[in-house]
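So the structure is just underneath, and the comments pick up after that.
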Amino acid sequence: MSQSALYATFARADVAFERGEGSWLYTADGDAYLDMMGGVAVNALGHAHPRLVAALKAQAEKLWHVSNVFRIPEQEAVAEKLADLTFADRVFFCNSGAEALECAIKTARRYHFVNGRPERVRIVTFEGAFHGRTLATLAAGGQEKYLEGFGPKAGGFDQVPFGDPEALDAIIGPETAAILVEPIQGESGVRPVEPQMLRHLRELCDRHGLLLVFDEVQTGMGRTGKLFAHEWAGVTPDVMAVAKGIGGGFPLGACLATEAAAAGMTAGTHGSTFGGNLLAMAAAGTVIDVVAEPEFLEAVRAKGLRLKQKLAGLVDTHPEVFETVRGEGLMIGLKCRKPAGEVVAAMRARKLLCVGAGDNVIRFLPPLTISEAEIDEAVHRADAAATDIEAASRKGAAA
Ligand SMILES: *Cc1c(COP(=O)(O)O)cnc(C)c1O
């Protein structure tokens, strides 16, 4: 692997996949892995979903890309779908989560600028947040390990501890523009923000004239069993970043905003060469149509409950390996007592794919199309992996 010409930025597992189908990934040798990480919440409809493949093929034969200097009816249609299904009136398409966040941050600052409050530039964020890897989103996330060695931290971000209303009150000042939060923190370990806290943030924003920005890059597009996770709390943001699942595997990000919040984003203030590419629109239109069906979301909730309950059972049977289970829908975190990296590797040895997170948590982010039988099989494999870990540590203790 050291021979690879790639940047060494990823600590990659030494396994490669050649094709996928539904919740399964296959190596060139034909080994089948049960995919409980879905490309980190990207493959919302699993692999090679027939409707997604058909939509992409049909578009590929017509037109791939036209510049955003032209009207793109397919883009308008997908934006319309999102607006109909959410709080939003306006959508900006880009290519990733970090880009969606960049647009959200610019939208919030610009809102105050055009409303005669140009001093309002600061964004309040939360410890443990992850908003992407661009210079601004790294500053928003505030995690030292990601900022080190990359020069001056982009200014204008104030971070408060997770779930500390007093610190929040204290940090809001005359220069505050917005509060930015993930309804469930993903990368830092599937840490849900309490619904009453989200409602409190909405009240704070209303009281101080701030914009509320939700990062639903990981929690959105049906992941938690609602189209967007904030629906659980019954509050809506002014601006929202979406990506990961929305393209079902085709790179796409979107920044959604109310008419008022987006009012400052006039011609020339923002742009993207690839954003809203026709292939991406074909994929996203299909993903949205499938996921937004009430029965589909109902099934995600039922399957999520099944997975969570069965994993809670594993916590009981393997108390040396697992500690607690948390999360919503098909965004489930299993906090481990053994190092999460070892647990992920043990599961991979049992041909079960999950992904690590902060707080010594492993995440299950399977395709939303996963079947109940596949969930049972995943838990069965996780059980076997935990037994392997226990056997290895008994051996280690005996040696
Ligand atoms: C993955 C993620 C991002 C960054 O998305 P990229 O597409 O990798 O830029 C931002 N916010 C959250 C909550 C994420 O999970």
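Every residue gets a Cβ built from N, Cα and C, even glycine.
Just so you know, TrEMBL annotations are computer predictions that nobody has curated.
Some features that TrEMBL has for this protein:
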- Gly97, Ala98, Phe130, Asp215, Glu216, Val217, Gln218, Thr273: pyridoxal 5'-phosphate binding site (BINDING)
- Arg133, Ser272: N(2)-acetyl-L-ornithine binding site (BINDING)
- Lys244: N6-(pyridoxal phosphate)lysine (MOD_RES)
The correct three-state DSSP answer for the residue listed as 'N6-(pyridoxal phosphate)lysine' is helix
Measure from each Cβ of the binding-site residues Asp215, Glu216, Ser272, Thr273 to the atoms of ligand 1 and list the residues where some distance is under 6 Å. Asp215
Measuring Cα to Cα, how far is Ser272 (N(2)-acetyl-L-ornithine binding site) from Gly97 (pyridoxal 5'-phosphate binding site) in Å? 14
Looking only at Arg133, Lys244, the recorded positions on record, which one has the least crowded Cβ, with the fewest other Cβ atoms within 10 Å? Arg133
Lowest local Cβ density among Ala98, Val217, which the record lists as binding-site residues, within 10 Å: Ala98
Helix, strand or coil by DSSP: which one applies to Asp215 (pyridoxal 5'-phosphate binding site)? strand
Taking the Cβ of Phe130 (pyridoxal 5'-phosphate binding site) as the centre, count every other Cβ atom within 10 Å, in any protein chain shown. 25
Hey, what's the Cβ neighbour count for Ser272 (N(2)-acetyl-L-ornithine binding site) at 10 Å? 16
What does the structure give for the C-alpha distance between Asp215 (pyridoxal 5'-phosphate binding site) and the residue listed as 'N6-(pyridoxal phosphate)lysine'? Integer Å is fine. 11
Using only C-alpha positions, which one of Phe130, Gln218, Thr273 is spatially nearest Lys244 (N6-(pyridoxal phosphate)lysine)? These are the binding-site residues in the record. Gln218
Mapped DSSP class for Phe130 (pyridoxal 5'-phosphate binding site), helix or strand or coil: coil
Please classify the secondary structure at Ser272 (N(2)-acetyl-L-ornithine binding site) using three-state DSSP. coil
